[in-house]
Every structure is written in structure tokens, then in C-alpha cells.
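Contents: one structure, followed by commentary.
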Amino acid sequence: MQKKIMLLGSGELGKEFVIAVKRLGHFVIAVDSYNDAPAQQVADRREVINMLDGAALDAIVARHQPDVIVPEIEAIRTERFYDYEKEGIQVVPSARAANFTMNRKAIRDLASKELGLRTATYRYAASKEELKRAIGEVGVPCVVKPLMSSSGKGQSTVKTEADIEHAWSYSQSGRRGDSVEVIVEAFVPFHTEITLLTVTQKNGPTLFCPPIGHRQERGDYQESWQPCRIGDAQLHEAQEIAEKVTRSLTGAGIWGVEFFLADDGLYFSELSPRPHDTGMVTLAGTQNFTEFELHARAVLGLPIPKIELLRVGASAVVSADREGKNPDYSGLEEALGEPCTDIRIFGKPATRPYRRMGVTLAYDEPGSDVDTVKAKAIANARKVRVTSE
């Protein structure tokens, strides 16, 4: 039976999800705060509202009467989801999961205090004065993040007391939602960051994708690769942690569970209840299902017989370097001239410095050197130039 799916947030991850569910025959309303967002370009209907406005959110839900609501971003009045669930609407993964994971304080306290997971030492601060005290307790270097933000917005590293003023002002400029509060995390001396894509199903066991390695700058991913080399014991531990936290949050869908790998072991970092930006590497055909296809199947209650690695792959971000509109792209011929490569241009209508506008993809046979594949993706990303008016 055809489902009516409302997507809240219509960026590049949402675009690929829409394509996946449209291929399965479903109807999609794509919602965002601006018109012509990437997912709106491939959806059946579109709405443009401020999703932090509860009345506006209620109005479009009442107008369209969706069967399923799929959040893609943090800046949503997520407490409304509990009411929608009571009305019989499926919220993905669940209203509880969406509310907990849209706020770093809720998910960190759940992970550390309730579930006893190992995390970086952390404190919270709701003012510049509290931030100074929190940093004094945590020590430097440390990372300051808004409780609600994505793609590294508002995130900075404090190395000395002189950085505190900037850290506070930057966190406030990059936050989403109403809360001014930030989380202060002690720096973990990790050697690898991984994402463990975890799939919870309505009528099946929890499944795991092969681990994805990634590198970040300014809190935003720059490259990702799959598989990431990790010991069997650490992988098993990561899977146990991912299953524990997703079971607590409840619901069906894909989750991006992030970990730090350090010399002294594994640290839980963050969790997203939706396809993960680092998981765009699966668009390179690394698995038998992309993360978006897995999300679609899990959300719709369709079977996922198994997840298997098909080949080695990598993704690298194509970013803008200035503010503008009507972006154009050059260098595609050169980038696509390399064998075993591909590219995705997201279709965002405007640019700004560091804004992610596309990704290059590279792949090779199973067992190939992942560093070589990653280098190819990075080299191709540098060939693509973004211009705008």
C-alpha cells in the first residue's frame, strides 16, 4: 500500500532518501525552511515553513495527513512528535528517539548516566561565565558545541583561555533552536573516528554496516571511507554499544553511531537517528544497499535479508568558498574521466563558505587499498570548482 511520507528537512541526505522511497512507490512531501531545497526537487509536494514554529508544523501535518514523518534535521519542534504518534502517525525512528537525539544534552546524559557508556569528560554551560567554569573543570584542549546544531556549525576547539570569547560567540551564531546552552567536551586523543551505521527493524534483528572511517574539519566531515580498519574486539564492542543505545531510544530506521578509537579504547561520541553524512560513501556501491535504501526499507517495514560489503569506497566533499546564488560547477569532465569514480551534485540553490555542495566518489575491488581509493576521491574533489553569482 502506498504511504504518504512527510520529510522534515530537505537537504542532500533527504534527497537520496526521497529517491529511495520513490523507487518503492511512495508519495513524499518535502519540507524545509527555504524553497527548492535538494529533496524538494525530487519529491511529489513541497512545503516551506519554519519547523521550529509548532503551529506551522501542526498546520502542514493536518493539511497533508501523512502516514509517516521522517525528520532529517535538528531544528524542528520535536516535542510535537509525541502528539503525532498518539494520532497514529509513524515518527521515524520514534518520537522518543527524535527528541533525545536532536539535543546533545539528552543523548549524552542517556549514554553516560543511564546506559553507562564511556564518553569524553563533559560539562554544560548556558552563559559565557559558566563556559569559563566548565572549561576550567574539563581542561584544555576541549571542544565546545551548541546543544543543537549540525555539520559542525557553532563548534570550535578551545586551546587557551584566549579562545573562550570566540568559542561562546561562535556557538551562539551556529546554534539551532531556542537553547543557548553548549556542551564542553574534553579532547579525546583519538587516532580514528568511525561511524557504525546501525539498522533497527520493525520485525527483524538489529543489523550493522561495515564500519566507516571519516575525517572532520570545523566539526564537519571532509572524507569518509569504507571499510575502516578496526580490530574484531573493538568492532564487537561498538556493535554492542550501538545496539544498546538504539534499543533504548526505540524505533525503526538507520542510525549513524559515532565513536572515537583511541589508544586506551573506544569512546561513544554521538548518534544521529537518520542517514549520516559520512554514509554517503555507500553511494559508491560499497554495500548491497546504500544507507538511504536501508533507511527506506527499515522505515517501511520491508525485509533486509543481509548487509554485505561489495567493494572498497571513499567519498570526499566538494565545498563552496564564498557566498552567492545560482551555483555552477566546472571540472566535472576532468573528475569523471578517472575510472571507478562518480560524483553527486546536491542542487543547493545558494553557496556560502564551507557549504557542502556535492561529493566525489571512488571505489575499487574488495581487498583494494582503501588509502589509494580515498586519495582518488580527494583528488577528484579538488578538480571540481564551485562558482556563484
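Each residue, glycine too, has its Cβ placed from N, Cα and C.
Cross-referencing ASP109, ASP264, ASP277 against the N(1)-(5-phospho-beta-D-ribosyl)glycinamide binding annotation in Swiss-Prot, which names GLU12, LEU13, GLU72, LYS348, ARG355, ARG356, picks out ASP277.
Note: ARG104 (ATP binding site) has non-local neighbours LYS145, PRO146, LEU147, MET148, ILE183, GLU270, i.e. same-chain residues 6+ apart with C-beta under 8 A of its own C-beta.
Comparing SER150 (ATP binding site) with GLU12 (N(1)-(5-phospho-beta-D-ribosyl)glycinamide binding site), their Cα atoms are 13 Å apart once rounded. Comparing CA positions across the binding-site residues GLU12, LEU13, GLU258, ARG355, ARG356, the one lying closest to GLU185 (ATP binding site) turns out to be GLU258.
All protein chains considered, the CB of PHE187 (ATP binding site) has 17 other CB atoms within 10 Å. Checking each of the binding-site residues GLY152, GLY154, PHE187, GLU193, GLU258 against ARG355 (N(1)-(5-phospho-beta-D-ribosyl)glycinamide binding site) by C-alpha distance, the shortest gap belongs to GLY152. A separation of roughly 29 Å, to the nearest angstrom, links the Cα atoms of PHE187 (ATP binding site) and LEU13 (N(1)-(5-phospho-beta-D-ribosyl)glycinamide binding site).
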